[in-house]
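What follows is a set of notes on a single structure, which appears directly below.
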Amino acid sequence: MTDPVRVLLVDDQSIVRAGIAALLTGEPRPDPAGPDPAGPPIEVVGEASDGATALSLVRSLRPAVVLMDVRMPGTGGVEATREIRADPQCRDVAVLMLTTFDTDAEVLGALRAGADGYLLKDADPDELRSAVRAAARGEPALSPAVARQVMARAAATPAPLADPRIDRLTDREREVLAAVARGDDNATVARELRLSPETVRTYVSRILTKLGANSRAQLVAIAHRSGLNP
């Protein structure tokens, strides 16, 4: 049987954690003894109600994915994400931010802190599970619908701040970055640009290095802040 995706839930409301855990682990499986076409099962290995506890549990439990609320008492989700990214023991852990979006203006700040994606708390169960599995594979976990809202918000700002690091990119790398900013996965980028998935992965790795980013979601923040038209 395929190893489960280990998930840590971080939210200050226990009822929210219970609901998300039920959605993640309650997926109907056509054949419990056989492979699931949707992907590996998801296992909730721990829960935390604040960012400080989350960091401690990430170190001890080593989950593949952390689902992190943006706003919490004490150490919030953005600061906790920044601390996770700064800890060499935790850098291979994917962090997905959970947000209500309309009231959480910290989303872009979370991406700059190194979050690997963001989801609305009212995302449907299939989208939530798909995002968790994608993050565990090291792929983007950006909802296209939410990405469009981020782009709309960025477009509403008077003038984007030019990021000189963008000038380091080749034309092809800019095309790949624009696709990533739309929330496209590697397979979609490969089809659109007529490249192999392996080549796309190479481009993304180069872009991360050139822009000093540590996640694809952080690339989205850089692209939008710089006014790169996806």
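Numbering starts at 1 and runs along the chain as it is shown here.
Each residue, glycine too, has its Cβ placed from N, Cα and C.
Here TrEMBL flags 6-136 as domain 'Response regulatory'.
Summarising the annotation, TrEMBL assigns 4-aspartylphosphate to Asp69. If you draw a 10 Å sphere around the CB of Asp69 (4-aspartylphosphate), it holds 27 other CB atoms from the protein chains shown.
For 162-227, the entry in TrEMBL reads domain 'HTH luxR-type'. As a summary of secondary structure, the domain 'HTH luxR-type' (162-227) carries 49 helix, 0 strand, 17 coil according to DSSP.
This prediction places the mean pLDDT of the domain 'HTH luxR-type' (162-227) at 85. In terms of DSSP secondary structure, the domain 'Response regulatory' (6-136) contains 52 helix, 27 strand, 52 coil.
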